[in-house]
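Notes follow the structure.
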Amino acid sequence: MLAATVLTLALLGNAHTCSKGASCEAGIVCRITKPALLVLNQETAKVIQTAFQRVNYPNITGEKAMMLLGRVKYGLYNIQISHLSIASSQVELVEAKSIDVSIQNVSVVFNGTLKYGYTGAWGLGIDQSIDFEIDSAIDLQINTQLTCDSGRVRTNAPDCHLSFHKLLLHLQGEREPGWIKQLFTNFISYTLKLILKGQVCKEINVISNVMADFVQTRAASILSDGDIGVDISLTGDPVITASYLESHHKAVLETWGFNTNQEIFQELVGSLPSQAQVTVHCLKVPKISCQNKGVVVSSSVMVEFLFPRPDQQHFVAYTFEEDIITTVQASYSKKKLFLSLLDFQITPKTVSNLTESSSESVQTFLQSMIDTVGIPEVVSRLEAVFTALMNSKGLSLFDIINPEITPQDGFLLLQMDFGFPEHLLVDFLQSLS
């Protein structure tokens, strides 16, 4: 449950800094409700199984005094897990403190080799090697705290407890089963409990933080493309209440330029000569703000038309600059992004006409074409472009149910149900192996 929760929170994490424990103005607030946590909890078993299997179980050696036999030397070697299953798990949110996960009936079967030796009658040294199997039943309680460290989610589990309901030693090929079991059962039980408590709890914490880094790296890739990216690093520690888990993020748009695909405009002005070209350049970084009426994008663009001379050499025939303010409403359905153009305003700034043959009517026609047809058409085509881009980043692999995107003054409210991002968990578990 812990790692699964971190996986979801980390989808909104990035690699920029924030002061540890500090809180500053957030651009995105991500709230995971208790029902959503229960969905994530369904996949807890896979992460816990991985933690048990990744533990490096050390060889155990020593010696013990035994009546009649003297000192018996022993060693447990090649300890491995041959079977593991989990019956159930529950999750609770403790206000302003931790995520508490209870895992019941973890059935684990260990196997390995027991070697022992002692001095028998007439001073003869006796050495034996027996394969063993340990059948155990364990309950696991993990109370985990979430913090922000350098803009990333970090986990810490100061309270991690294992309770053993069963621990049975089985020896294969026993020639002296009675006294060997009597000698080693209690010792093996005590030693194995210490190893599991220390190593398993440590591994769960390691896996949780490795998963956070894994998903945050994936998120950085999903939320960037070329010169466009979003800094959504954490601004402070995640907030835990009894009914939800909440994280705060910067959500600062970072972009270093924008060039449209000139073929779009080429098609819009089909009445121009066949070799005429039109290009659009962004003169400054677009400013994006959220208002009740929608998402408002403000920018300045320069449009250049190139007309061929009779000698086929191109030159700038007509250039103009405009300030454009566009308001759109976004929605997402059936794994597609939809952009509704609600309003746009265009303010001409400068005009440069370098060809004597260009008349006032041509200038009016060209500008009207861009203003009344070009902007709506570009918005329409961006739906397909952005959908393809998001799908290339893996968004289509998520099961997003009934999403709602509601613009408010200063922020966007996104609400949705979701299925567990199984593909991310599979990729993560494969990366561990």
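Cβ coordinates come from backbone N, Cα and C, glycine included.
Automated prediction, rather than curation, is the source of TrEMBL annotations.
Disulfide connectivity taken from TrEMBL links C160 to one of C148, C201, namely C201. The Cβ of C160 (disulfide bond) lies under 8 Å from the Cβ of L140, Q141, I142, N143, K197, V200, C201, I204, N205, each of which sits 6+ residues away along the same chain. In the shown protein chains, 20 other C-beta atoms lie within 10 A of the C-beta of C201 (disulfide bond).
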